[in-house]
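What Swiss-Prot records for this protein:
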- 28-35, 93-97, 145-148: GTP binding site (BINDING)
- 19-306: domain 'tr-type G' (DOMAIN)
């Protein structure tokens, strides 16, 4: 019934049945308790013999010096442990700070399920909303943490989740309080298990002791609450599960309390996997309450690799599941496909490449083909990671998350690469190639664009090579950092997602990589774009080269993925929403039947390099790199059949692109600036002054003003009848809210949502603290690039 009991120290159990593997991540807003919860999971699973503490800087997953000194998660960490004896949980703890969004995006790419942690006092916060949207398609369970805090609101938070995320829920457990006779206050002591109809109370003096009480020991008020919750659970699940309806009417004789916990768990699992509902649990991880039921829920409700969504591929290849072998690409049980989602450099072990194996087995000593960059190498020393510690294994099987190490992988794999190997034969790539599967690629990770930059210069000319090597390591580990060079001044520019992001990069560059560099002041990453399509420019010579090039502006949402239609192929160029468009010719000898000496992929990659270098030269307003532009290569292009080098292609296309851009008048360019989504939480007595300051001094556009825990039934995701669904959902009374004096109108908080130029919001948190006596909070997320209006142009250019 319950997966927890006597805690025993356990090692890693290899080769677990696929159906008993859970690849999960923990996602939440910063300070919701992700790392604290992870530490308890490791302790109660027997993985560790002590509980680490964030404030003391001794947690397992936050092991970087910067993480321990700042008390925040900066990079995702992977660790494996067992639960319920035979289930293995591969857990990735992700950052909550907005500057490290890419770490979350990388992790979501390879996860099968998520645990969303909410702060019971703060409710559904900005970063939680963002990551919830990013994790669309991934089944989730929700854990409401910090139920011991004054002002915690379990039901308020559940209702907020339902409305903001347009999500149905079932209450798997609810908070259990007791009255403290000394203080006469309600104290959180455990949970009411709705599935098993039990009360679980944790001993405050012994972290390993849990008292489990049967239903006959409940007082009438608790029994009434639990009965209502059980009724609501059965009613909700019955909407999605006919088997439950049949069991309820026949076996349970229409009695909600007689419905079997086994049947309920099965029904919750089914509806969670289909994402019709999200199970809700609660606890206080810091007080060691509620973590074991959360682990039970991970095993009981979240998908195994056999039940997870299929990875998205670059081409139409059939994917299926075999109950014994796992995922099959093109019905080929011999092909092993893995995805590299993270690369880090360890000063002792060298380069570590984190991979998720989707099909087959990745074996030590086997040849591997990187279908993203065309490189081939042999696997040496695969390992399982336990935060910053490794465990050697001989292979990584389908569904597993592991790490490739050793000199054979160095420089051959980057984040987002697809790896292909033969599961049975060491050098079996030829047989995979014969079946046409060697070019299979899992769609890459979308890298968000940088919004801040700093100039980096070597302290002496002799330090330049060391600086470039250090920057290469930095960008390999974190592709959301971007290094570029000003062709006119030869200055090196490092760009990132935010002030903290670049501050951490600076620390690593100076302290970890020992780079002898000088670092300039923080600057905003402006871009330029063109407003009209250029005239075609043509090159043709007697040798056999012919290119017709046109450059056009792009409008609409930033997507940055390969697109292939019947008439043209689109290739993304870096992170600035630029594309290379190849028109498909009707002439034989091109495209799929290319028979030239120089490979077709080399031609494409060479022209991509031309585009990137040319766009980096910048526009005519401020010399900023180009954004949202497309280079179109007309379908009549020609390359000599006997050409073996790409140098001529590089020179020709680059000159054509530059010529095309130079032909445009300055008036055909526009300056782009980053716009931020801004969310400010402020006491309502300061609201007027804050709004006046935002609109008057920070060029903000106010989108909405809401109560902090207000419920907007009119959000774009809600359906017409969703208000009725939310209102009919049974939720227990929030008996602790009165302690927070939330009924005092003067203490109520408002949430101001706005859009504002990043330039106007730099260091705004200091201004907000001054306006609100230190009580205001601001959250910002990148919204997109927007053209600077003519009246603001001079102000922006002058800094």
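Backbone N, Cα and C atoms are what each Cβ position is placed from, and that goes for glycine too.
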Check your understanding: Is residue 34 (GTP binding site) helix, strand or coil when read with DSSP?
Key -> helix
Check your understanding: By the DSSP assignment reduced to helix, strand and coil, which category contains residue 28 (GTP binding site)?
Key -> coil
Check your understanding: Including all protein chains displayed, how many Cβ atoms other than that of residue 31 (GTP binding site) lie within 10 Å of its Cβ?
Key -> 17
Revision key, fill the gap. Using a 10 Å radius on the Cβ of residue 94 (GTP binding site), the other Cβ atoms enclosed count 25
Point to revise | Count of other CB atoms lying within 10 Å of the CB belonging to residue 147 (GTP binding site) | key: 27
Revision key, fill the gap. For residue 28 (GTP binding site), the number of neighbouring Cβ atoms whose distance to its own Cβ is within 10 Å equals 28
